[in-house]
Every structure is written in C-alpha cells, then in structure tokens.
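Take a look at the structure set out below.
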C-alpha cells in the first residue's frame with residue numbers, strides 16, 4: 001500500500017499549539033515602588049484606626065506599679081468598652097492626667113528628624129506612646145463606693161469589705177495615709193501597687209474624695225497584656241481581691 005502524499009506547502013507541525021507572545025511588563029522599578037508605598041500607607045491607616053478605636057501600646061515611665069509593672073515595660077491597652085461603665089474594681093487602667101498629678105514634662109531632644117519620626121510613629125500607633133500626660137494605676141473604688149484606710153489589720157476597706165491585696169509591692173503597707181472617702185459620680189479612685197512610691201488618688205485628694213478621684217472620661221482604657229520585655233509577657237486579669245465587695249445601692 002502506498003503512503004499518503006502531503007500537499008505541497010503543508011507542514012508537519014500542523015495542529016501543534018504555537019507559543020503565545022506575552023507583552024513585556026511595564027512600569028518596572030516605579031510600579032514596584034508604588035505598590036510598596038500603597039501597602040505601607042494602608043498598613044499605617046489600619047494601625048492608626050486600631051490605635052484610635054481598639055487598642056494602643058504604652059510605655060511604663062516609673063515604678064509606681066511595681067511589681068505588677070516595672071520601669072520600661074510596654075503594655076497594650078484596650079479601648080473597647082463593654083458597657084456604660086468600662087472599668088471594674090481591680091482593673092489596671094491608663095488615664096490622662098486630670099490636672100496636677102504630673103510634673104512638667106522634660107522631653108529629650110534627639111534632633112528634628114528623629115523627633116518627627118517618633119511623633120509620627122506614636123501618632124499612627126506603631127510606636128508605644130511616650131507622652132508625659134498619661135498615668136497607669138489600679139482601680140480601687142467605683143462611683144459611689146466608700147474607700148477607707150484602714151481596718152484594725154491595716155487593710156483597705158471598700159463598702160465595708162476589707163481587701164487582701166496580694167498585688168501590693170512586697171513590704172509595703174496598703175497605705176500609710178488614713179482616709180475615708182466616697183467616690184463621686186462618674187469618677188473612680190485609683191492607687192498604684194507600689195504604695196510607698198505612688199502619687200495617686202490619696203496624694204491628690206483634699207480629704208473628701210472630690211479632688212483625688214479621676215473622671216471616667218479621662219480613662220483611655222484597660223491594660224490587657226504586658227507585651228515587652230518578652231520574658232515579662234503576661235495577660236492582665238481582675239484579681240479575686242474585690243469578689244466580695246458589695247455594690248452600692
């Protein structure tokens with residue numbers, strides 16, 4: 001049998017897919033740079049929104065909360081409010097100076113470029129806040145609570161219930177200052193865990209509870225986690241200290 005003949009001009013590659021030419025990528029370096037800038041800008045916007053509405057990092061500038069927190073620790077503070085009264089007894093909270101609690105801030109000048117960079121990073125929430133107008137203390141009394149120092153055993157008393165405060169700095173007394181105050185409406189009574197090294201509601205009060213109590217609207221949020229140093233990493237929980245304290249009518 002004779003072999004079939006091919007027509008002249010036919011190719012042995014008929015029916016074989018041919019490679020498709022793709023257009024060369026355009027933009028090159030500038031397109032890549034634009035994409036990086038867009039990603040960075042988006043990340044900064046997200047960080048700013050988180051810092052404004054959800055959580056913010058803060059740097060601990062003193063030893064007033066030892067040994068719960070020590071100088072140089074970084075904590076994350078939640079700004080999410082679970083109800084009309086966003087704090088509870090025993091919470092560790094960051095708040096803005098209501099006036100006269102802090103001395104004038106003396107900022108370290110690192111030069112205009114570094115200072116501007118640090119302010120920008122703090123503003124968007126990438127760097128922990130180092131502003132000198134924030135403090136961190138523990139909530140001892142809520143609005144309407146009666147807070148007293150001290151009973152016959154040297155313990156603080158809240159609404160008639162003595163407190164066993166195992167978070168107080170070792171060797172410190174609950175307070176060396178006697179007081180009996182009723183916390184005003186929409187205010188809280190705050191004290192540092194290192195009682196002998198804390199300028200708190202006691203030091204700023206006039207004996208009535210009016211001056212030493214902090215307005216609730218000055219509270220930035222509750223400390224939820226100790227972020228840094230990593231060997232100090234820990235979650236904050238409300239201690240059982242206040243479990244038996246009755247609420248005010």
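Counting starts with 1 at the first residue shown.
Here the Cβ of each residue, glycine as well, is placed from N, Cα and C on the backbone.
According to TrEMBL, the protein has these features:
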ACT_SITE  64  active site
ACT_SITE  137  active site
COMPBIAS  1-11  compositional bias 'Basic and acidic residues'
COMPBIAS  193-205  compositional bias 'Basic and acidic residues'
DOMAIN    34-226  domain 'Peptidase S26'
REGION    1-25  region 'Disordered'
REGION    193-214  region 'Disordered'
TRANSMEM  36-59  transmembrane segment
In the compositional bias 'Basic and acidic residues' (193-205), how many residues does DSSP put in helix, strand and coil? 3 helix, 0 strand, 10 coil
Whole-number Å only: compute the distance from the Cα of residue 137 (active site) to the Cα of residue 64 (active site). 8
